[in-house]
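Scroll down for the structure; my scribbles are underneath it.
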Amino acid sequence: MKSGKKGMKRIIGAFFFSLAGLKVCISEETSVRQILAVFVLFFIIACFLGRNFFEIAFLVLPLFLMVFAELVNTAIEKIIDLVQPTFHPLARDAKDIGSSLQFVCMLFAAFIWGGYLLVRFIL
């Protein structure tokens with residue numbers, strides 16, 4: 001499905017398709033809105049806690065991974081709903097695996113934030 005656009009026109013077109021995808025996710029998916037709310041809250045906290053750019057980036061990276069994982073999980077769910085509208089064990093498994101991606105990213109975020117807070121304020 002090539003558009004025939006090249007160079008900056010292709011990049012600009014891709015940018016607007018990306019915005020359209022975000023708009024769909026935000027308007028239709030509660031879990032995306034929840035993850036974005038967590039992202040904004042912890043981004044603000046990271047800006048206050050971090051003593052320099054690298055500490056802030058260290059705290060924000062797992063937040064971006066959580067948003068990324070939720071977008072991938074949402075895409076997986078939408079594709080499965082398209083190709084398998086009725087229940088099927090493999091469809092359930094694929095959705096569960098997509099959800100586990102988000103879970104692993106949340107564990108990573110908890111590990112990074114917990115370690116940072118432990119070192120910064122306790123040890």
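Each Cβ is built from the backbone N, Cα and C atoms, and glycine gets one as well.
The substrate site in TrEMBL is built from Arg10, Ser99 plus one of Glu29, Glu70, namely Glu70. Sequence-distant neighbours of Glu77 (ATP binding site) (same chain, six or more apart, CB under 8 Å from its CB) are Lys95, Gly98, listed in sequence order. Between the alpha carbons (Cα) of Glu70 (active site, proton acceptor) and Ser99 (substrate binding site) lies a span of roughly 8 Å.
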